[in-house]
Amino acid sequence: MNPLTFAMILLTIMLGTTIVMTSSHWLVVWIGFEMNMLAVIPVLMKKYNPRSMEAATKYFLTQATASMLLMLAIVINLIYSGQWSTTNPLNPTASIIMTLALAMKLGLAPFHFWVPEVTQGIQLSSGLILLTWQKLAPISILYQISSTTNLNLLLAMSILSVAIGGWGGLNQTQLRKIMAYSSIAHMGWMTAIMVYNPTMALLNLVIYILLTTTTFSVFMLNSSTTTLSLSHMWNKTPLLTTALLMTMLSLGGLPPLSGFLPKWMIIQELTKNNSVIVPTTMAITALLNLYFYMRLTYSTSLTTFPSTNNMKIKWQLNNTKPTIHLSPLIILSTLILPLSPILTLLE
């Protein structure tokens, strides 16, 4: 793709998301979502082949359906309230329909089926945009309507998402699918706390984006797409492999790494609100996520691919790609937990 064209497309994606996040008029919010969706499709098809074409088509059909539901919710709310403003409380029916539309856009269970399929069919860089930037707009609207959202609906979807996100990733060997299922599980954690403490959901989103960006950056640096390709990494880049190991364990939510912080805070907040069964169920199902990340770390660092080369480091295959941006990302992805006392400000 022409660099100028690609830059314009990325600018449109950012503009669409910014419009959604800053607008106070429901019609403008809907237009922002449409701009964002239509601009991201060429990014998904950056490397043109039948697989990416299929992924982009699946993405378009899902997002178009979600946009239709979103517009239906906006119209129902307009009929009952006569207001276009996003600051006014939503009608209960409109709120349920809008929650379902946003769940479809986020890939929450039971609307999650498109996420692994689309992520698997596109490049790693496009997958990074899909699983990080594309979550910002729907989460921001969910944040705005959190006071009128149906709590039982959100909790049911969040428990299902955490369970499916863990269960679906167990037998996978494709890294993109594993990251997609991880994304479904993380979205489940975010929606569980959205009604009780929306600010904490945003904290979870920031940490999730940080961890996912770091993991994808390492995958892109080594062109890794399967668990088998991870076993080659130790010979080429041992330091980077160690960093990836820590980041993946952090994504799984293992203490004392950064990924444990949002889970800990969410479980604490839900328990404070006299909800014990929900956090207990989510904590148990989160172990599935941790298990498949432990499998990944095993294939990354504890297995060495058979080689006829006696040298421990393959110096002739030195990577020339820039890695300067990875240093702060890796530090933030693994060492945020000591800052947790500051987060009492959220309460």
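Using N, Cα and C of the backbone, Cβ positions are placed for all residues, glycine too.
Transmembrane segment is the annotation Swiss-Prot gives to one range among 242-262, 305-325, and that range is 242-262. Here the transmembrane segment (242-262) has Cβ contacts under 8 Å with residues 182, 189, 200, 203-204, 207-208, 210-212, 214-215, 218, 230, 233, 286, 289-290, 292-294, 296-297, 300-301, 326, 330, 332-337, 340, 343 of the same chain, all six or more residues outside its ends. Taking pairs at least six residues apart, the transmembrane segment (201-221) and the transmembrane segment (122-142) share three or more Cβ pairs below 8 Å and count as touching.
Through the fold, the transmembrane segment (150-170) approaches residues 92, 95-96, 99, 103, 108-110, 112, 116, 177-178, 181-192, 194-195, 275, 278, 281-282, 285-289, 291-292 of its own chain, all at least 6 residues removed from its boundaries and within a Cβ separation under 8 Å. Per-stretch counts of Cβ pairs under 8 Å to the transmembrane segment (1-21) identify 122-142 as the leading one among 122-142, 274-294, 326-346.
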